[in-house]
């Protein structure tokens, strides 16, 4: 076979000194790579049960993991409380009391014999509960018209923190252009009025992530002056690119100053927004173009005050050129690892090799570090390692990783050998030949003719061969060769070319009458080797339809002219109001089925953007509808028409319509008050849906008080939908109400619900417990209910426990097996079934609530009387004679009293199930276990019933059947049957003399055996005879040799598979 010649493509690099990035096959040794880094920070929140520091890596050999904490080795095995994950470096810190001991900066290392990879740093934070300092705040005394500042100085805590001012009665301080809160939480009065004089100004700080709200001591204003912020003429502001810029300017003066914002020499950016009554300028997603000088001017006609903000927009590190993550280089080549990052201020770059700081000291003559670049000259295998760079500035850190493998390796073809490819004539086809090697290998292909010197053939850099387009003569076997300085390798592939499928007779346009039949034909040609996969599909207006296939590729379909309605058009919004709008639309074609209704849906772009929800359904004869809306929602609407056929496609969305903010329309529903623990009350409720917030800043005011005891309400402002009230009295009623609130105000006054605080175990046991033994197995027990005051919870019910201590018949103690009966609700008596007769028992009663069981009553001892015995376990009828039968039985397992004897009943019954009158025999003596019945009718079938008796009566009976002198008739029948068979056989083979003689001898011998057995049987004793296998089917007997035993009138048939005949005793 000839090579590729001019078309052969060498995948060698132009020069070997450069490294190349490549996927290393998993079967080769590989440096470790961190695949899952730990989080940048992990904050312990009070409602978390555990805290996970993740670290996963891959490599070959499998990496081993270790951690450092605050730069020191941190051995997970030294602390048994830490939970480690198998096959990874991930570990879990459980929630324990001294959690603060684990606080610090952690880093994960993954190592194998080739090198070490390092994860990003993670900070484990155990926050303390923030508190305002305890201080006595003197009242501020000012003159009317002067300005004043009430300082908040919130405590440090886990961000974000939300600050707000309220009174001690939890009423928000009203803010306007004269009174406002700054970004630092201080409350500023540009000038004071007499109505500002009060003694209960309170600053509240809410830390959402740790679910904590703290309150500063109340402050008072009685009158005095002070300066406002910013106090200097100019200030420097540093902000990170992409964040929101906030510039605040609050001035004093009377009349109240007006605030103006500008950027000297330029216009304010379009993303600017002025808030807080003109005192706050915000610019979202700042960029470098937003840097510069901004001016705030406060004026009131008597003068003006200016302040300049010098804004510097900075940015965290970002990659200009990130290191190649995986590099394979040949031995002796040069390697350049560049870690180019940009940022403001300019990032500093630090290098690590296998997790340790690296400054080029491995081989000073061949490895150097120059700022953001490592150069490895004439690299050797020991230069293989995990190289990592950290680019950092005050705003963040980037971690880049380059796994460098210095190695020479012969070509390893990753594509499977003997692959089969198939394409259609005229289409393109690509056959793969992916190769791993170092240095890179040259790849060549050969076809069945030994050459691929054709314009239609091209070899890509990844080694694959592409034929474009493929022709019939291209079918055959191809071979891919890969070769470098270390060796060579090859694989083969086979290409199949198929004829294309094409429609030779397409359907033609037709005009038909409504309701008539239309025949559309479609004929196609295709490769016959694909006949099993060939199929024909029809579509109508882009949708698949069902059709009846015929042998000549024709389809018959009855024309239908009904369809779902088209989508309405021209949606317009009319009659705009704050909480409503009228939607108008224009109907379109209904496709011969009238529209029955329209479905109006809405979508909003804040809470669930892109999700359409139903809003209203209106009759099909309308083309407009008024829509009631929620506040602070940016709506758009669409309309869908429905007819008897189905639901059509929705219309195009209308223009958006944003409603203004409003107070909530309602407060939460489904308030549940439960007490899972004593001295605690858990309150939960169903929160408002996001669209029901009607505005930003939704929160709930929870009010509760003890019913009939407290007059004033205890109030809490919460943002979640649950709250736990601590230190409550056990199981007392409370009144609870929950009112929704947002920045626009309060929802209507909520309804009051009543519930109970936490339950505890009942304190008392039921009293006056008494029992009444109704019979030997049934008991009635009664008691006095436990008073409600001692229940300490919702009554669950009562439990009755009883256990057997001994039997009165044997006076022996029995193992205590407690049984119980649970009764729900307020009960004072019950029936206890299933007792054992003639026994001693003990019984207790206790009450229970949702918390658990109360104490049991004092054990009450009682006994049960004798009962009737159980059914005897065995009854057998044996030794049948002409007029007598012997009955044998076993005594009952449980006599349930003193056994006095037995009652035996028997009666004749025949094959028609007619029965005679029963005869009764009373058998005295508890030890009697057999009985002979005389004077029975011969040749009769009897049924026997036996019951055991005590002084109380007789128990259930066991039954058995038996007969007198019944077996003789069976022998006669058997004898006659054998003779009949014998005569039949002789008739069929009468022409064969020897056979006739043989059969006569067999018949005479059989007859002699039966007569002898019959005679012996009448004389008593036990004898055995066998029935020949040829006659088993005539008697309906099972397989194997059949043995018939005759014993003094007792007929027994036994199957003896071994063929042995039992000997008589």
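Note: Cβ is positioned from N, Cα and C throughout, glycine not excepted.
Please treat TrEMBL annotations as automatic predictions, because they have not gone through curation.
Look at TrEMBL and you will find 1-21 tagged as signal peptide.
Per-residue pLDDT, averaged across the domain 'Ig-like' (32-124), gives 89. Residues or ranges marked as domain 'Ig-like' in TrEMBL: 32-124 (among others).
Annotated domain 'Ig-like' per TrEMBL: 130-214 (among others), in sequence order.
What TrEMBL records for 225-301 (among others) is domain 'Ig-like'.
What TrEMBL records for 317-405 (among others) is domain 'Ig-like'.
The feature domain 'Ig-like' is assigned by TrEMBL to 410-496 (among others).
Feature annotation from TrEMBL assigns domain 'Ig-like' to 500-542 (among others).
Taken from TrEMBL, the feature domain 'Fibronectin type-III' covers 567-662 (among others).
With a threshold of 8 Å between CB atoms, the same-chain residues lying at least 6 positions outside the region 'Disordered' (646-671) that come near it are 564-569, 571-573, 576, 578-579, 581, 583, 585, 599, 601, 603, 605, 612, 629-640, 683-688, 692-696, 698, 700, 721, 736-748, 750, 753, 755. Residues annotated as region 'Disordered' in TrEMBL: 646-671.
As annotated by TrEMBL, domain 'Fibronectin type-III' applies to 667-760 (among others).
Marked as domain 'Fibronectin type-III' by TrEMBL: 765-867 (among others).
Under DSSP, the residues of the domain 'Fibronectin type-III' (869-970) split into helix, strand and coil as follows: 4 helix, 45 strand, 53 coil. TrEMBL lists 869-970 (among others) with the feature domain 'Fibronectin type-III'.
Taken from TrEMBL, the feature transmembrane segment covers 995-1015.
At the 8 Å Cβ threshold, with sequence separation of at least 6, the domain 'Ig-like' (32-124) lacks contact with the domain 'Ig-like' (410-496), having fewer than 3 such pairs.
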